[in-house]
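Report on the structure given below.
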Amino acid sequence: MSIITDVYAREVLDSRGNPTLEVEVYTESGAFGRGMVPSGASTGEHEAVELRDGDKSRYGGLGTQKAVDNVNNIIAEAVIGYDVRDQQAIDRAMIALDGTPNKGKLGANAILGVSIAVARAAADYLEIPLYSYLGGFNTKVLPTPMMNIINGGSHSDAPIAFQEFMIVPAGAPTFKEALRWGAEIFHALKKILKSRGLATAVGDEGGFAPRFDGTEDGVETILAAIEAAGYVPGKDVFLGFDCASSEFYDKERKVYDYTKFEGEGAAVRTADEQIDYLEELVNKYPIITIEDGMDENDWDGWKKLTERLGKKVQPVGDDFFVTNTSYLEKGINEACANSILIKVNQIGTLTETFDAIEMAKEAGYTAVVSHRSGETEDSTIADIAVAANAGQIKTGSLSRTDRIAKYNQLLRIEDQLGEVAEYRGLKSFYNLSK
C-alpha cells in the first residue's frame, strides 16, 4: 500500500517569477506528497547543478522543462515500485541514476523535487506531520529565527555590499513571541525609513532596500527600530550579517571590492583588512552571527576569521560549504567556521541534507536551516529545522507570503508540540563563549 505508483513534475513559478519545479508522488494507498524547489541568486560555485533550459526565447533561458522531462521520463521510471518510506534508498537511487558528482546530468532541482515529494507522501501515508516523520519522537526544538529585514547586495538594488542585515530575537521565551518581536521591529523600521524619506519597497527576501549611507547607517537604523519597538539590543534582540563576500571578491586582485555594490569611493579591502573590519563591527554592535564573511575559496581567510571571531560570533559557511559533507569535513579539519548554512537545493536530496546537519552537530558546529532568495509557498524547511532540532532558521523578513509560509508553519508546529516544544534562543548558539 505504501508503494510508489506515479511521479509527476510540472513547471511552476517561484517568488521572482522565474520557473521552477513542482513534483508530485502518489502511492497505492492514495497517500500523496508534493514538493517545490527553491532557487538562489547568489550561488556558490560548488553547489549542485540547477538544470535550466538555456532557451532564450522562453523565460529568458531560465525554463526548467529539461528538469521536468527528466523527472517524468527518467526518474519516475526508476523510483516507481519503491516503498515511499525508504527515503535513503530512493535518494541514493536517484544519485546513482544521475552518476555525476554535482547532479549535473538530471539536475539537482529535478532530484530534490522528488526527494521532498517522497518524504511528504510517506508522512501522509503514516498520517503524521512531516517534521515527526523526518525527525522521530525526539523532535521538539523550535528554531531561533534570523530575520533579514534589510536586503542589500545581489538581493536588492540598495547600494550596500552586505546581502542581509538580520535581527535575531534570541531573548524571546517562545517562537511565537520571537515572531511577534520580529514583526514589531519590522514595522518600527518601516516608520523610521518613511520619516527619513527612504524607500520602503522590499527586496527578494522581504526586507527593505533603502539607500543607506553605508553599512553602519543600516545597522544604526536597525538598532533604532529595535528600541522603538520596545526591545533591548544585545539582550532581547541581536544582529547578524550575510556578507555574501564572494559576490564582491575580486579573484584576480584578491581583494574585497565594495565598489561593486557601493560605488566609487567605497572600500577595497585585503583579506586581513576584511577581517579587521568585521571585528570592528562585532566589537561595536551586538552581532551574533556572520555568514560568508570571506570568499568561498579563501580558506586562509576563513581560518583567520574563525580564530579571531569564532568565540564571539558564529562564522557561518554558506557558499563556503554548500551543504556538502566533503567541504564541511575539510572545514572542520582545518578549523574554518563553526556553523554551516543548510540549503536543500545546494546538495539536492533530503538524505544528504540531514547527513550535513549530523556531521555539523557531531563536530560542535551549529546548523542554520535556510531558504533561498527565489522561494515558493513550500514550507518544507520549517519541518526540517524542527525535525533536526537544528535550533536556527533563516527564512527572510516579515513580509512576502513566500517567507511568511515558513513562519506560519513553525507556529503550527509549536502549537502541535504543545508543552514539549522548546525555544532555546541564545542556547541555540552553543558554539559561542559569550
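Backbone N, Cα and C define each Cβ position, glycine as well.
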Of the candidates ASP236, ASP242, ASP250, ASP378, the one that Swiss-Prot places in the Mg(2+) site of GLU291, ASP318: ASP242
Co-listed (2R)-2-phosphoglycerate-binding residue [Swiss-Prot; alongside GLN163, LYS343, ARG372, SER373] among LYS176, LYS330, LYS394: LYS394
Residue from GLN163, GLU205, LYS343, ARG372, LYS394 whose C-alpha is spatially nearest that of ASP318 (Mg(2+) binding site), among the recorded positions: LYS343
Rounded distance in angstrom between the Cα atoms of ARG372 ((2R)-2-phosphoglycerate binding site) and GLU291 (Mg(2+) binding site): 14
In three-state DSSP terms, the structure that ASP242 (Mg(2+) binding site) belongs to: strand
Cβ within 8 Å of the mean position of the Cβ atoms of ASP242, GLU291, ASP318: remaining residues of the chain near Mg(2+): GLN163, GLU164, PHE241, CYS243, ALA244, ILE290, ASP292, VAL316, ASP319, LEU341, SER370, LYS394
Of the binding-site residues listed as GLN163, LYS343, SER373, the one whose CA lies nearest the CA of GLU291 (Mg(2+) binding site): GLN163
ASP242 (Mg(2+) binding site) versus GLN163 ((2R)-2-phosphoglycerate binding site) - Cα distance in angstrom: 6
